[in-house]
Amino acid sequence: RTSVVLPYAEAEIKKSNGCDPLAQTQRSKLQHRRARINQQINKEMRMRAGAENLFRATTNNKVRETVALELSFVNSNLQLLKEELEELNSNMEVYQTDSESVNVPMIPLGLKETKEVDFTVSIQDFICEHYGEDSSLYDKEITELMELRQAMRTPSRNQSGLELLMEYYNQLYYLDQRFFPPHRNLGVHFHWYDSLTGVPSSQRALAFEKGSVLFNIGALYTQIGARQDRSAAAGIDRAIDAFQRAAGAFNYLKENFSNAPSLDMCGPSLCMLVRLMVAQVQECVFERVTLTTPEAHFPSQLRLAQEAARVTARQTMTQPLMKDYVPFSWASMVQVKSEHFRALSHYYTAVALCDHTSSAEEEEEEEAEKAFLQFYVSSPAGPLLICHLRKIITSAGKAHLRRAVIRHEEAMRVHGLCKILRKMDILQDVLSLTHKRSLDKYSELDREDDFDETAEAPEIQSQTQQKPDITPPNFSTVQVTDIFQRLGPLSVFCARARWGPVRVIGLQGREGGLGLTLRGDSPVLVAGVVPGGCAAEAGLREGDYIVAVDGHDCKWAKHSEVVQMLKGCSDRGAELSVVTLHSHDTQVRTLSCHSNFMDSFLIHVSSFHQIYRKSVL
């Protein structure tokens with residue numbers, strides 16, 4: 001195929017395959033169970049809608065009682081199914097890394113499920129009606145499109161899976177241009193299930209399909225980020241990149257798609273997901289700072305405490321709509337993380353204060369004083385410089401340690417209230433280890449002869465060494481070729497263009513030539529017809545586009561190729577297939593994108609018409 005320069009870069013399209021849906025991996029089993037529950041929820045909701053309609057329509061009290069009883073059963077089944085789906089959505093461990101390192105688990109997002117879509121009849125009818133061609137000639141292209149969509153339903157959890165989703169997303173641009181006119185839809189219904197509740201939604205708008213695919217791109221990034229081994233800096237950097245790209249995908253979806261029929265793609269939900277991904281980026285930044293922070297360096301320990309405080313500032317799910325929508329385990333996990341990182345913030349503050357010695361160099365002391373002055377949200381009363389703090393340093397350290405222990409215990413309490421979180425051994429290990437570490441440190445400082453009252457630890461000013469970067473999706477990194485490019489260049493042969501039926505013109509050469517002027521490339525335009533000439537008598541008109549010469553398709557032919565074909569048959573005559581363009585809603589936009597329509601070497605011109613290659617035959 002010949003590539004065309006359009007808004008997305010293109011290349012030879014290749015056979016794409018998703019994961020084997022029958023492969024018995026943990027993740028495939030999880031997705032299979034999600035798909036089954038989604039179908040059951042869809043069935044129960046249809047039954048409920050029918051029962052509610054019958055209840056409203058009938059006046060028979062006995063029938064109403066029977067329907068009301070049936071409705072109670074249906075609602076009960078729906079509630080059980082939604083609880084089962086919530087438990088699956090809360091199954092975070094299957095997406096985590098297999099590394100033995102002990103890290104706080106990340107929250108991944110499951111993919112939206114979708115039903116199969118059969119484009120065959122709709123596209124065939126549109127090709128016959130709009131393009132006036134034999135639709136059976138495009139069976140291969142239709143099959144290729146449907147195979148690509150089928151493959152993107154089960155993408156692998158790696159870069160290949162992301163490229164598969166982006167490839168289909170880019171193909172939807174061409175599908176929109178080819179088969180979706182501005183004031184008419186193709187008649188294809190796109191069915192997608194809510195990622196968290198399983199509630200089905202259906203629309204005929206291609207924008208819903210594009211938005212759902214974009215949502216899955218973001219969701220897949222969350223799964224890739226969660227599976228990274230964060231015991232080393234390289235794995236942490238990969239996780240940061242994945243979560244930033246997930247945030248970018250959800251933010252792009254929020255800004256470019258509106259009126260989503262499913263709750264997971266509405267504005268508040270996407271805002272929540274962006275904030276959640278940014279918070280997880282901040283967690284990864286904290287973990288990376290932890291790897292590189294010297295244990296006995298006072299300013300570094302304070303920066304580590306501020307980094308932990310920064311994480312807590314990002315974890316919010318407080319909006320009423322989101323509070324009722326997100327799984328209980330998600331809300332519990334966010335609360336656990338909030339308490340956990342607040343505890344870590346106070347712990348590292350205590351370590352900085354208690355382990356700081358007076359033997360440091362003068363230059364280091366100045367650095368420590370500067371760091372400490374900017375450490376608290378509001379400075380405690382009195383000049384708390386390091387030199388004055390030495391007398392009460394143990395008391396200040398104990399105050400922060402006490403706050404750390406309280407926060408650790410609160411995190412463990414919230415963790416214990418959620419059945420799903422209790423099953424996560426790795427989370428239990430993290431909370432237990434950090435709690436024990438704070439208790440051990442407090443035991444070192446707590447002396448029986450210490451009768452001083454422990455002060456209240458001030459709030460710590462959050463600060464980060466790396467602000468999260470919400471990275472929007474870059475679709476041009478995945479190059480695709482228009483599957484239906486045999487229909488012709490998009491500058492002319494698109495759903496927004498209107499033209500008459502194909503006319504077959506028989507030309508017979510004369511001594512004076514064919515009597516026509518050609519201009520442009522792909523397709524070649526009849527720029528002028530000589531009155532009384534061969535072309536005029538045959539019925540050729542100015543403004544016709546040549547789509548075939550003697551049965552040879554010329555939609556993509558260059559100007560010189562069409563000229564040579566006509567010159568070669570000028571003596572014996574030629575049979576031209578032409579179409580006349582009546583209107584085009586996007587002529588200006590497509591011309592700017594379709595550079596092949598312009599002559600590249602004629603630059604210095606005095607009029608618009610001179611920029612096209614021109615031949616007189």
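Cβ coordinates are placed from backbone N, Cα and C, and glycine is handled just like the others.
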Pick from 71-98, 183-210, 295-322: which range has coiled coil per TrEMBL? 71-98
Quickly jot the same-chain residues contacting the compositional bias 'Polar residues' (460-474) by Cβ under 8 Å, restricted to those at least six beyond its ends, or write none. 166, 214, 217, 240-241, 243-245, 247-249, 251-252, 274, 278, 281-282, 285, 289, 303, 305-307, 309-310, 312-313, 345-346, 349, 374-377
Where DSSP helix means H, G or I and strand means E or B, what are the helix, strand and coil counts for the compositional bias 'Polar residues' (460-474)? 0 helix, 1 strand, 14 coil
Rounded mean pLDDT for the residues that make up the domain 'PDZ' (504-567): 85
